[in-house]
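Student: Per Swiss-Prot, the feature ATP binding site maps to 12, 13, 14, 15, 16, 17; the stated evidence is sequence analysis. Sequence annotations record features per position, and here Swiss-Prot assigns domain 'DPCK' to 4-201.
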């Protein structure tokens, strides 16, 4: 799809912030995370039955939604559970993303698709160009620990579960560095978005 631009990175690199900036400039977007969260909630009771053997903690919140923090702890520490979750959710997420992409592509204007596991999934390659947001590993770890209230060990486990950021950079069509202030990052984002917009006219 000529109007599709995928946004990916490692954890806590600024993908969602890029999307917010793009939205503020009048560009539409799709978020794999938001779609995934909705799918988890819609299938909460079934997922609770599947994953309750993996944990002594209650996977359901009071409002009958999945406790994503507990589910995250399970899948990041158990390869079997991770595979089960991926097999359950990924086809549903991909179908929804492709459905929304087809709608936006008809508008003949650049749009952005935020997919954290773009390279890991291998399900979206050749569907559009790729923007990789770069943050050094040390900074990513610090942000993960602060944002998600995780220990260094837990943060490393989450980061190590993904393809190394340096490998992702090699496959990028566009690279945006997020290593300094928000103002610097926004400037880098706007620059790339403008470049894409001009090339897509």
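Placed from the backbone N, Cα and C atoms, the Cβ positions cover glycine too.
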Student: Taking the recorded ATP site as 12, 13, 14, 15, 16, 17, identify the other residues of that chain whose CB atom sits within 8 Å of the mean position of the site's CB atoms, giving them in sequence order.
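Tutor: Neighbours found: 9, 18, 133, 135, 178.
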Student: So what sits near residue 14 (ATP binding site) in its own chain, CB-to-CB under 8 Å and at least six residues off in sequence?
Tutor: 133, 135, 176, 178, 185
Student: Taking 10 A as the limit, how many CB atoms besides its own sit near the CB of residue 16 (ATP binding site)?
Tutor: 16
Student: In this predicted model, what is the average pLDDT of the domain 'DPCK' (4-201)?
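Tutor: Mean pLDDT, the domain 'DPCK' (4-201): 92.
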Student: State the count of C-beta atoms found within 10 angstroms of the C-beta of residue 13 (ATP binding site), not counting that atom itself.
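Tutor: Summing over all protein chains shown, residue 13 (ATP binding site) has 28 other Cβ atoms within 10 Å.
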